[in-house]
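Annotated features in Swiss-Prot:
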BINDING   29, 30, 31, 32, 33, 34, 35, 36, 130, 159, 181  ATP binding site
BINDING   35, 135  Mg(2+) binding site
BINDING   110  deamido-NAD(+) binding site
């Protein structure tokens, strides 16, 4: 892949979306993970200014992620704001009858979405997405949470390709070396949740996408079963609500 051309195409896409919407710029959630770090870097290259980052940790968020996010803001000279969302989450815990880790993780993602759109309106800017193709195909995200955005420049790149582009753009090694995590609860790991590494997941997704039967026969049947199950079960997350036509 020609990463220079891909970078230029992504930057053009960001510029076009902001211009066509008559917005001032973009707002993004900066978690300290590689996906949002890459999007922030692309936004800075594309827009130079009017890139606003929200850092929204909870009490159990990995402190190293916040430090990495702050370092990136300094390196890119980004305007940012830290909003601790634990008090909002605590209010939910007091009222809700469903306080499983998954439920709390989903609610935290929706708190962040609400804040992003609030600042989007305040700054006349677009919320830019940070989900990669692997996550989108699997529905590995919170509907109306981290999946919510006005547009997404990296949604056509598999997670393994995100790492390649991040290296090409010289992102700090901390982003590249850390284990993938949505940081929804303490010690949460994407690959542990999914049961396979992203390298294997992407290999399976590509084989399914191209219907490469020869490759599919060589892959772990449990991997393919997991991928098909998640893709089928979570298809609704990538669609607008269906409206009955009268």
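Just so you know, glycine gets a Cβ as well, placed from its N, Cα and C.
Shown here: features listed in Swiss-Prot, placed on the structure.
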residue : record                      : DSSP (3 states)
29      : ATP binding site            : strand
35      : ATP binding site            : helix
110     : deamido-NAD(+) binding site : helix
130     : ATP binding site            : coil
135     : Mg(2+) binding site         : helix
181     : ATP binding site            : coil
Restricting to the record's ATP-binding residues (29, 30, 31, 32, 33, 34, 35, 36, 130, 159, 181), give me the longest CA-CA distance in Å as a whole number.
18
Integer Cα-Cα distance in angstrom, residue 181 (ATP binding site) to residue 110 (deamido-NAD(+) binding site):
17
To the nearest whole angstrom, what is the C-alpha distance linking residue 135 (Mg(2+) binding site) and residue 35 (ATP binding site)?
11
Return the residue, from the listed binding-site residues 35, 135, with the maximum count of other C-beta atoms within 10 angstroms of its C-beta.
135
By a simple count, how many Cβ atoms lie within 10 Å of the Cβ of residue 181 (ATP binding site), its own Cβ left out?
19
Using C-alpha atoms only, work out the spacing between residue 130 (ATP binding site) and residue 110 (deamido-NAD(+) binding site) and round it to an integer in Å.
15
Whole-number Å distance between the CA of the residue listed as 'deamido-NAD(+) binding site' and the CA of residue 33 (ATP binding site)?
18
